[in-house]
Each structure stands twice: as structure tokens, then as C-alpha cells.
Amino acid sequence: HHDHQQPIFNDLRVHTFINKTLQWKTRLVKFQGHQLKLSTPTILAAICCFIASSISSAGGIGGGGLFIPILTIVAGLDLKIASSFSAFMVTGGSIANVMYNLRTKTDKSGHMKKGLVDYDIAILSEPCMLLGVSVGVVCNHVFPEWLITILFAVFLVWSTFKTCSNGVGYWKTETAKHNESRNGCEKVGNGVTKNGEIENLREPLMGVEGKENSGFPWKKLMVLVMVWFSFFIIYLIRGNSYGQGIIPMKPCGVGYWTLSLFQVPLAIAFTSWILFSKQPIACLGPNKQGVNKLIFPLMALMAGALGGVFGIGGGMLISPLLLQVGVTPEVTAATCSLMVFFSSTMSAFQYLLFGMEQTGAALVFSFICFVASVLGLVVVQKAIKEFGRASLIVFSIGIVMALSAVLMTSFGVLDVWQDYISGSYMGFKMPC
């Protein structure tokens, strides 16, 4: 048996380390069993999740890529339970974000200021993101573990690199602005003092805002809720691949796949509705309106599909894409947090409906993430006000991505190695 393993890892120390790690993981899972106990590993996991959530919230991303490894490695939960917990925790954090970003602010003259959330991008992206997640979940069943790990590593490394280089670009622009204001440019100087720095940093990309943007866009929010309900009803009727649903339906039978495929025309219908409305996308401003609107649903479809494959939702994966297209950091964070809220509540409700274990513990973790998110948001917004550096948001996204890339990839490599030494099947599987 050892001769068989030796060519793969000639270095015995690496081999020993991997085996020891696997043994430790197995011991932890056995210790926790199916019930999460109040123990040192659980408390440690809660502290780690608190820190992870406060960093993630600033970037408006869910943080599932950090929660799942923390819950499995530190708390010793098995992957299935960790994923269900993660859905609740991301929901908890995103509720804090959405509440923070939806507050309608007034300026000095008492007029309502436009919130940071770009509803056009959210409506353009959300249907395709939900469709993408469904496609991704099917791919997750089909793809072998090693392929998922490689895809995840490649995409996250690319995203981290792009996000950090965007962050550096924003940092340089901000530094130039600060230097300008120091050189007696009165207008910018005034803007950087009172909460105006956010406006200054958004100005080049936002363009001049029309009167129609004042007030709360109830209509657009209702469209998003409608999208959510339409997809939710499909999931509710269809159930999951174990046949758990409202209507007794053969798992993976004709009805199951017909309902699943119905998501495609649904996503196309919602996306077309806003694609053909002649409204420009506010946060791109006049100089960026050349960006084809179609890029948003396509990006969302890709982010959703990858999120479904990795089991982390698409928020973390769509934010670097939005930054890449030229959406400002604050608008990216606020818009992503709204999209994360819609997709994570969808997952959380599905877990609840299909008989989730340990709901109480999941809600406690969810509350921890809610508090952490509020704290993270307040600290980062204070820092942006103080230093006029919206690039802090981009760097917080970069940090979460880099950590997720390391944690999830090492985790995947361990699982692949376990499959290899146990001689498990490592090829493509059927979706059911």
C-alpha cells in the first residue's frame, strides 16, 4: 500500500502531515457527531466566524468561502451541516448590510440622497445569478472533487489578483485627489470633510443624478422580490434531488427536470424586461455607458454557476467582476450585499423546508454574524469618512478572497487525497 503512495509524495513528511491532518479532522467530526456541542472548538469557530463576517461585510460579500472551512476545520461539522449553517450565517450578515445600505439619507438642504445600491444592476443580475446557482448545484453533483478544487483555485486566484490591482488603482486615484485638495483646491477640500468624500469618489462614475433617482425605488425593489418569489415557488414545488418537496415528485423524474428547466425562460423574461427598458445604468456614468448591459446578466450567470459548484453562493464571485467593469467600490459593496441577501435567504429557506438539523445553533451563529457585520460596516464606513479611502472596501474583498482561496483549496486537496488513498471513484458522476 505504501509503495503505491510513494511515487506521489516522495517526501515522507508531507505524507505524514496530510495523514495527521485527516485523522484530526475525522476525530473532530466524531467528537461533534451530528449535534453541535458547546465546546472549545465551537467557541473558537464562533470567534473566527465573527472576525470573518466583520471583514466580509465591508465588501458586501457573503463570506461563505470562509464560514464553511471554519465550521468544518475548527468546529468539526460535516460539510453538509456546515453548508446549511453557512446559508444562515450569510443571511444574518447580509440583513445587517441591507439595513445599513437601504437607509435613505438626506443632504444638508433636506433633499433625499440616492442610496448606494444600484437596483438596475441588481435586477439585471439576480435572475441569472439564481439560475446560475441551480446549474452550479447540478454540476456539483456531476463534477469530480479534483475538478471542483482546480476550478475554485484558478478562479479565486485570478479574482484576488484582479481585485487587489483594482484596489491599488483606486488607492492611487484617491492619493492624487488628496494631494490636489492639499494644494488649495477648495472645492475638493470641502468635499472631503463632511461625509462628502464618498460623493467625490463616486462622482466620476456616477454621472449627474436626475430627479427621478430621489426617493426610494419601491418599484425596483418589488421586481427583485417578485424574482425571488418566482424562483422560490419553483424550488418549493420541485423539492430537492432526494424527493423532498411540497408535491410528491419522483426525484430526477420528468416533472423534476421540467420544473428545473422552467428557470431558464423565467430568468430570460426578467432579464429582458430590464434590458429593453431604455434606462442607463446610473453607477456607470456617461463615460462608461458603452459597456453593454448584457455583460451584467452574463457575469451573474457565471458567478452563480461557480458559486453553486463550490457551495458558497455568488456574492463573493460577482464583486470582482463588477469592480472590473468600472462600478465604484461603495456601489459594488452595497449592490452585492442586496444580491447576497436574496440568494442566501433562498438557500436558508430551502434548508429549513427540507428538514434541517440544528436550526437553533444555526440561528445563534447567524446572530453572531449579524452583530459582526454591523461592527465591520461601522468601522469601515468611519475609516472611509476619516481618510476618504473607498479602496478599503476593495482590499477587504481581496482579503476575504485570498483567505478563501487558501482555505477552500487546501481543504479540497485533502479530500481529493483521501479519495485517492481509499481508492474511491474519481470520475464524473450522474446528476442523480
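Here, residue 1 is simply the first one shown, and the rest follow in order.
Glycine residues also receive a Cβ, built from the backbone N, Cα and C atoms like all the rest.
For the transmembrane segment (43-75), same-chain residues at least 6 beyond its ends with a Cβ under 8 Å from one of its own Cβ atoms are 25, 28, 32, 36, 81-83, 85-87, 89-90, 92-94, 96-97, 101, 156, 310-313, 315-316, 319, 332-337, 340, 344, 365, 368-369, 371-377, 379-380, 392-394, 396-397, 399-401, 403-404, 407-408, 411. Residues or ranges marked as transmembrane segment by TrEMBL: 43-75 (among others).
According to TrEMBL, the feature transmembrane segment maps to 81-100 (among others).
Under the heading transmembrane segment, TrEMBL lists 121-143 (among others). Residues of the same chain lying 6 or more positions beyond the ends of the transmembrane segment (121-143) and with a Cβ under 8 Å from any Cβ of it are 151, 220, 223-224, 227-228, 231, 241, 260, 263-264, 266-267, 270-271, 274-275, 281, 283, 293, 296-311, 313-314, 318, 322, 327, 335, 338-339, 342-343, 346, 428-432.
Same-chain neighbours of the transmembrane segment (149-171): 65, 143, 201, 306, 309-310, 317, 319-320, 323-324, 329, 389-391, 394-395, 397-398, 401-402, 404-405, 408-409, 412-413, 415-416, counting only residues six or more beyond its ends whose CB sits under 8 Å from a CB of the stretch. Taken from TrEMBL, the feature transmembrane segment applies to 149-171 (among others).
Below 8 angstroms of C-beta separation, residues 119, 122-123, 126-127, 130, 245-247, 249, 259-260, 262-263, 266, 270, 273-274, 338, 342, 345-346, 349-350, 353 of the same chain, each at least six residues beyond the ends of the transmembrane segment (221-237), sit close to that stretch. Under the heading transmembrane segment, TrEMBL lists 221-237 (among others).
Through the fold, the transmembrane segment (257-276) approaches residues 120, 123-124, 126-128, 130-131, 134, 138, 223, 227, 230-231, 234, 237-238, 293-294, 297 of its own chain, all at least 6 residues removed from its boundaries and within a Cβ separation under 8 Å. Residues or ranges marked as transmembrane segment in TrEMBL: 257-276 (among others).
If you look up TrEMBL, you'll see 296-319 (among others) marked as transmembrane segment. Remote same-chain partners of the transmembrane segment (296-319), defined as residues 6 or more beyond its termini with a Cβ less than 8 Å from a stretch Cβ, comprise 56, 59-65, 68, 79, 83, 86-87, 90, 94, 121, 124-140, 143, 148, 151-152, 155, 159, 163, 267, 271, 275, 281, 325, 332-333, 336-337, 339-340, 343-344, 347, 397, 400-401, 404, 408.
Taken from TrEMBL, the feature transmembrane segment applies to 361-380 (among others). Through the fold, the transmembrane segment (361-380) approaches residues 36, 46, 49-58, 63, 67, 84-85, 88-97, 100, 392-393, 396 of its own chain, all at least 6 residues removed from its boundaries and within a Cβ separation under 8 Å.
The annotation transmembrane segment is assigned in TrEMBL to 392-417 (among others).
For the transmembrane segment (392-417), the list of distant contacts is 18, 21-22, 25, 52, 55-56, 58-61, 63, 65-66, 68-70, 72-73, 145-146, 148-149, 152-153, 156-157, 159-160, 163-164, 166-167, 170, 310, 312, 316, 319-320, 323, 329-330, 332-333, 380, 383-384, 426: same-chain residues at least six beyond its ends, Cβ to Cβ under 8 Å.
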